[in-house]
Amino acid sequence: MGKYSVLMIFIASSLLIVLQNVEIVNAVGCTGSFFNGNSSYAQNRRDLFSTLPNKVVTNGGFYNSSLGKSPNIVHAVALCGRGYEQQACIRCVDSAIQGILTTTSCLNRVDSFTWDKDEEDNVSCLVSTSNHSTFGNLELRPSVRYQSPNSIEPSKNMTLFEQEWNAMANRTVESATEAETSSVLKYYSAEKAEFTEFPNVYMLMQCTPDITSQDCKTCLGECVTLFKEQVWGRQGGEVYRPSCFFRWDLYAFHGAFDNVTRVPAPPRPQAQGNESSITKKKGRSIGYGGIIAIVVVLTFINILVFIGYIKVYGRRKESYNKINVGSAEYSDSDGQFMLRFDLGMVLAATDEFSSENTLGQGGFGTVYKGTLLNGQEVAVKRLTKGSGQGDIEFKNEVSLLTRLQHRNLVKLLGFCNEGDEQILVYEFVPNSSLDHFIFDDEKRSLLTWEMRYRIIEGIARGLLYLHEDSQLKIIHRDLKASNILLDAEMNPKVADFGTARLFDSDETRAETKRIAGTRGYMAPEYLNHGQISAKSDVYSFGVMLLEMISGERNNSFEGEGLAAFAWKRWVEGKPEIIIDPFLIEKPRNEIIKLIQIGLLCVQENPTKRPTMSSVIIWLGSETNIIPLPKAPAFTGSRSQSEIGAMSMSDDVFTELSCR
């Protein structure tokens, strides 16, 4: 048994290593309606596919064509990466076509695209088809991504790595979009760089040549953002869209870097010299008397520092009696400190809480815009004096947000609790809150479908972090459009954690007599029975999602909420009725998919609602099967009677967070 066992272990280990490094060779994404396999459309597509590989080569690497007449016309685009060999390009395009024809999710779908790659031939290529012309248009969806199975080692300095990686991504985007040539392969860039802790990092970007330079920059930027939001921390990854693709890795690929000069790592900070300050410039030692003088001065300084420490510690000890922020000592996950702001500093920043700096009025106080001495803009929430609930909110926000850090959560910079003042200082988010856009007829027109999709996905990621990915398990309890802030790039940030509830890691549900939240967004089991779980937040998310799609407030429908109205239209087979008129020309299938997700989130039975991790998977995939929803809350007689019987005080919490 001995030598055979060793041999089997060796073979199994080798196979495991191979499987871990196997790459998926093509990225296929399909959307749109279905067509009959025996239809004229199907025949036109087959005929177009039969000549496409050779046409790409004879046209310099990029080819756009159409065949047939409406409604059976087929449009196709094909592209081979720069530096290709002709036969390699032909094989790649043919492989891409086979991927479209054989992928289960693409069978007889009208819109399809694939970025195929052949590591052996060192070539990548694109093939896309549709029943409408995409030539010259920026196409961002569907998107497909892959990531390395391996994570970056925990011992690496991720803050430094991210800074260097961001700089490399920005350089590559700029280089790819310069388009100094009129070549059909003009939007292309390959870069090789040395990082402080990695000898070689490789990055490749390319766009189809039919779009503008600005569209190319937008497409590549969306690829980079998607990678960072979904799989950051991996040792490589790829994102493919119909108009562009992006890939980076720790090893060379596609033969794209053979003639690329490596960008050196940024200079490290200069080390301090070893020469003693007690030595004179000309190398002569300071005399005995000089040493005595230095010792005396240093001793005096130490005494002053000690006295100052005692005074500061005394003040802090008094403050700690008011609020306990745990053992974090005001340090967030980036190693930056949570500041205890001096009241004078806050007064100076807000011009003594000038009414001209008022951003809004909330349930527990007023929010002001402020500017610190270093020029940083902040949002300052001054809680109402003597408010018992405000005191609870203050302690809750500080104790939770000192330990949370995520791109889709608002960042608490510090606080002040001098005398009877309770003040929270946040990062300033310039675009106010989501409700200012989605419920305003004029501003809502600025929210494109792509922007709304990104906002919805960002909110979902923030919730996933709270429920599953952070060191804590937190239920927000007051999710609504006015508690979603939008930064300068319209990225969402979940805000207002005053009513949030901290769960133990193994705790899934709790009960409370203190109902905190806003009517219309609260799950029925929480509103009626005080039952709290992650599914309570999922319900609120579903309401917001439906508001984003319809552009209407949840309470805009007399006699029934938005969820009930959407459910009735869904059962009637007319879900498009609830779609915002500003979105009527947008991808209908995607919008209806999100209506379906929203209805799943607001189902009456909390166990039937999805987790936020499932929502993220559905949002990012074109191929996953999404279950059909059941009836939402408050649509049956049982729910209606519960509404009439339920007891609720005016415990409706803050309608405005820091903005």
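Yeah, the Cβs are placed from backbone N, Cα and C, and that goes for glycine too.
Over in Swiss-Prot, the protein carries these features:
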type	residues	note
ACT_SITE	Asp478	active site, proton acceptor
BINDING	Leu359, Gly360, Gln361, Gly362, Gly363, Phe364, Gly365, Thr366, Val367, Lys381	ATP binding site
CARBOHYD	Asn38	N-linked glycosylation site
CARBOHYD	Asn64	N-linked glycosylation site
CARBOHYD	Asn122	N-linked glycosylation site
CARBOHYD	Asn131	N-linked glycosylation site
CARBOHYD	Asn157	N-linked glycosylation site
CARBOHYD	Asn170	N-linked glycosylation site
CARBOHYD	Asn259	N-linked glycosylation site
CARBOHYD	Asn274	N-linked glycosylation site
MOD_RES	Thr518	phosphothreonine
TOPO_DOM	311-659	topological domain 'Cytoplasmic'
TRANSMEM	290-310	transmembrane segment
- Message: Using only C-alpha positions, which one of Asn38, Asn131, Asn170, Thr518 is spatially nearest Asn259 (N-linked glycosylation site)? These are the recorded positions in the record.
- Response: Asn170
- Query: If we check Cα distances from Asn157 (N-linked glycosylation site), which of the recorded positions Asn170, Gln361, Val367 wins as closest?
  - Reply: Asn170
- Within 10 Å of the Cβ of Asn259 (N-linked glycosylation site), how many other Cβ atoms are there? 8
- Item | Asn170, Leu359, Val367, Asp478, Thr518 filtered to the recorded positions whose C-alpha is within 10 Å of Asn38 (N-linked glycosylation site) | none
- Message: If you average per-residue pLDDT over the topological domain 'Cytoplasmic' (311-659), what number do you get?
- Response: 78
- Task: Work through the binding-site residues one by one (Leu359, Gln361, Gly365) and name whichever has its CA nearest to the CA of Asn131 (N-linked glycosylation site).
- Result: Leu359
- Query: For the recorded positions Asn64, Asn131, Gln361, which one has the sparsest Cβ surroundings, going by other Cβ atoms within 10 Å?
  - Reply: Gln361
- Residue pair Asn170 (N-linked glycosylation site), Leu359 (ATP binding site) - Cα distance, angstrom, rounded: 34
- DSSP output for Asn170 (N-linked glycosylation site) maps to helix
- For each of the recorded positions (Asn157, Asn170, Leu359, Asp478, Thr518), count the other CB atoms lying within 10 A of its CB, then report the residue with the highest count. Asp478
- Message: Among all protein chains shown, how many Cβ atoms are found within 10 Å of the Cβ of Asn38 (N-linked glycosylation site), not counting that one?
- Response: 8
- Task: Specify the count of other C-beta atoms within 10 Å of the C-beta of Gly365 (ATP binding site).
- Result: 22
- Do me a favour and check the Cα-Cα span between Thr518 (phosphothreonine) and Asp478 (active site, proton acceptor); whole Å is fine. 6
- In whole Å, note down how far the CA of Leu359 (ATP binding site) lies from the CA of the residue listed as 'active site, proton acceptor'. 20
